[in-house]
Structure formats: structure tokens, C-alpha cells
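Feature list (source: Swiss-Prot):
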BINDING   Cys18, Cys21, Cys40, Cys43  Zn(2+) binding site
BINDING   Pro122, Thr123, Gly124, Ser125, Gly126, Lys127, Thr128, Leu129  ATP binding site
DOMAIN    6-59  domain 'ClpX-type ZB'
Amino acid sequence: MTDRTQNKGDDSGKLLYCSFCGKSQHEVRKLIAGPSVFICDECVELCNDIIREELQEGAATEGGGLPRPHEINRELDQYVIGQEHAKKVLSVAVYNHYKRLESRTSQDDVELTKSNILLIGPTGSGKTLLAETLARLLNVPFTIADATTLTEAGYVGEDVENIIQKLLQKCDYDVEKAQHGIVYIDEIDKVSRKADNPSITRDVSGEGVQQALLKLIEGTTASVPPQGGRKHPQQEFVQVDTSNMLFICGGAFAGLDKVIQERSERGGIGFSAEIKGEGERASVGETLQTVEPSDLVRYGLIPEFVGRLPVIATLNELDQEALVQILREPKNALVKQYQKLFEMEGVELDLRDDALRAVADKAMERKTGARGLRTIIEQVLLETMYELPSMENVSKVVVDESVIAGDSDPYIVYAGPEHSKAASDE
């Protein structure tokens, strides 16, 4: 059998080049010869990577098909603690959305309409994380847009087409892939009307944005500048159909509970009305569970916009137990992350149970939810993480409730005969 490879040192008298990248035999480790062509080892490796990626994508889409609601919920459980009702609503809505896309390929008299989602919940309750986890599970492009930066077309600020442009950038301008993506629009409550009545002045960042988002969310063909360029009349635009995209809007909707209470109290006037004392009022989370489209309209969303978001999921404020679980249990739990960082220094990090409860209490006081947990731990461990790489014979760092409260520094345990001491003693 003839050897069809060319090594760098072969003296054939003729300099050979890769037919694909143009590199000479002296610039690569090996050239493989074919009928009148050569390919180098680097191009072979690149081709293997491309094939491997395509096979993985194919396996993700074909392997088992679309995940069932139970499977979606189970995946969400690995990253999002609590919020069982919201996870169930999302699992069903996402399953039905992608089932609708499958049904569009078949000839059927029944046309399934799109069901976009509205997430209502306080800061740090897991709205963004739920959307991110869904996109990762379904292996579809995902982007986050901030509604507060959006304005009507023609005004200073981002127009709504920028959202689609970001999604296209995430999938290297693969239009077909982008058309099946998920878009999460955060802070949607900040574009509400300032009053229940339509304003006579131009509201370019409030009601104007809602009007601009209407068609995009319902399904339209958006014109996006190619490769992130600015719009000008002479250029050709990339046409993107948004009718198969899933839009998830999220917001804290501070004060919405009062709107709901007013509506429920108005409905209970007369002799048969149930009178409740101050202590008998439902919690904010329980009140939000009873939200109706009319409440959102009174809050400041225009009726047409509310109609485009038929699926509503409410998230509760996280209590101490849920925050401690978030610190410990998910795949990307903060405790596991910091323990890994310390492990890379050859040191064990021991975050005691009372310390985790104290961190949770601090986050609740600050009303930052799960988002504030990292900040608290970072502040507590900053000095230790600064000194640790320069210290020797450290085997363990212990953090208890007093450390979180600021009464003492983390305790450092040495591997040798030395006694344990606080980080500040160094």
C-alpha cells in the first residue's frame, strides 16, 4: 500500500501546498495527498470539528424530540429553586409553543396561535434564570433585552428591531435558527403608561414602546441591518420572521398587588361583603397569583399589549429557606462555586449552616432576592481571597454567622502545628 502522506522533510524537489488553506508543506505537520489535491492536518482537524458540532446539534434536536413538560420542569428544578407554579406554567407554555411549530409543517385545518409569556415577580426571584435555562435546554438562540433602553423608532435610544439584531448576532446571523429563538424582555413594567388614561403628549419610552413591540411580539417580518450595521436607505436588510419566536416579558410590577386588592375590594361591597382586618390580608405573592388582564391594563399596559401575552406566570418573593437552598443545591450554587475557587488554592472552604442563614437574612433585608447573595459572600470573603494565595500551610477556611455579621473574620486552619487564627491576624 502506498503512503499518501507528505512529511515536512520529504525531498521531492517540488514545494507542495494545501489545496484548502494554501499553507506549504513546511508550515504544517503533514499533507495528505489525493487526486491532484492536498489537504493539511490543520484543515482535517477543522473539518472534524465542524462535523462534530453538526452531529451534536442534530442529536440535540432529534434525540427524543421535544422534551415533555415533566422533563422541562425537571431541568428547571436543577437551576431554579422554588417557584413551582411558575415552572409548571412555563413548562406547558414552552412545550405547546414548539409543538405548534411542528404542527405548522403538517397540512391541517386547525391553526395554532402563538402564546407569549409574561413573568411577574420581585427582583431576584428567578425570572431571567428561568428564561435562560429554557433556552439552554431547548438548544435555541436566546437574547435578553432591557425594555428601559427602548424607544420608538426615530428617537434617541434603541428601537425594537435591535432586539432581533442581538438574537441574530447570538447565532452568527443564521436567520433560520434565529426565527426559532427565545427573546426575554426584562423590566417590561417600566414601559407602562404613567396614568390609566391615554396621554396627549408623546410617550416615546412608555406607551410608544408598547405600540412598537406589538407587531414584533405577535409576528411580523422585521428588517435588520446586516452584520450589526446602521440603517441607511441604500442598504439591503436581513428579513427576519418573528412569528415563530417565543417572547417572554418579565418585570417586578411594584404596586400591582395594590391594584389587585382595589379590584377585589370593589367587588365586595354591600351587606354580604367579607370584611378583612389588616392582619388577614393576603401576602404580596398570594395577591399576585390572582392577577387578571384588567389589572395589568389599570397598571399601565395597553390592552393590545396585554392581549399579546396570554400566558401569565407569577413568582413569589423568596424566603429564608429558599435562599439557603439556592446557596447550596443548584448545579451552579454559590457555595459550590466558592468551594471550587478555594479548592484550586488547595484549601477547603467550610460555610456553616448558620452563616448561610445569615446571608439569606441579609439578602431579604436588602430586598435583592437571590441576586444579592453573591455580593454578600464576595464582601465577606474578599480579604481572605486576597491574602490566601500568599499564605502557606492553610488547610481550611471556616465562615460562621459571626463572620457574616461582621463581628469576626473568617477562621483559618493550618495544616501544621500552628493554631487556627482569623484572616486579619496575618
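Cβ atoms here come from the backbone N, Cα and C positions, even for glycine.
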Practice task
Could you work out which of the binding-site residues (Cys18, Cys21, Cys43, Leu129) has its C-beta surrounded by the smallest number of other C-beta atoms within 10 A?
Solution key: Cys21
Problem - Residue from Cys18, Cys21, Cys43 whose C-alpha is spatially nearest that of Thr123 (ATP binding site), among the binding-site residues - result: Cys43
Fill in the blank from the handout: Near Zn(2+): residues not in Cys18, Cys21, Cys40, Cys43 with Cβ within 8 Å of the site Cβ centroid are Ser19, Phe20, Gly22, Lys23, Val28, Leu31, Phe38, Ile39, Asp41, Glu42, Val44
Completion exercise
If you rank the binding-site residues Pro122, Gly124, Gly126 by how many other Cβ atoms lie within 10 Å of their Cβ, the lowest count goes to Pro122
Fill in the blank from the handout: Smallest number of other CB atoms within 10 Å: among the binding-site residues Thr123, Ser125, that is Thr123
Problem - pLDDT averaged over the residues of the domain 'ClpX-type ZB' (6-59) - result: 81
Practice task
Look up Leu129 (ATP binding site) in the DSSP assignment and report helix, strand or coil.
Solution key: helix
